[in-house]
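K.L.:
Please see the structure below; I have some questions.
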């Protein structure tokens, strides 16, 4: 059974994953509006991944006999000055997600909640990959500038998300 402190923190993260999904949905809308369908696909894959993360946290809470608490989600930023700005906002957001998972891990370690520690390690490992992927895309956007966005858009169109089994 989860302590109330840990349950509250997991519920906060569950809701933040839903907020993350909304952010990526808004970014997909932005890239669609500026005619970059490949990046729309990229952000839609991110959207699906964030929903999967929320479901994974929800299942864990249920498995530990807890209850999820669905809260209202803040409206995301919908407009950006450039694709680079959208990706810089993405990196900043993913860094915040990483910090949140570190804080969750600190609570689990403090409470000697080993099952939660094991569960959270998956997300921490995932965040290393997320930040690296977004950082790589930022570097590519900076290198190619506007003249090479078409080719990057084609690369982004190939991205997909296939949800693993929730376990």
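In case you wondered, yes, glycine gets a Cβ from its N, Cα and C as well.
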K.L.:
From 127, 154, grab the residue that TrEMBL records in the same Fe cation site as 17, 50, 53, 94.
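P.N.:
Same Fe cation site in TrEMBL: 127.
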K.L.:
Are there residues of the same chain, six or more positions away from residue 127 (Fe cation binding site), whose CB falls under 8 angstroms from its CB, and which are they?
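P.N.:
Once residues fewer than 6 apart are set aside, residue 127 (Fe cation binding site) is near 94, 97, 98, 101.
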K.L.:
Over all shown protein chains, what is the count of other CB atoms within 10 A of the CB belonging to residue 50 (Fe cation binding site)?
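P.N.:
Step by step: centre on the Cβ of residue 50 (Fe cation binding site), count other Cβ atoms within 10 Å, giving 22.
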K.L.:
So which other residues, same chain and not among 17, 50, 53, 94, 127, have a Cβ within 8 Å of the centroid of the Cβ atoms at the Fe cation site?
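P.N.:
So the extra residues in range turn out to be 16, 20, 49, 97, 123, 126, 130.
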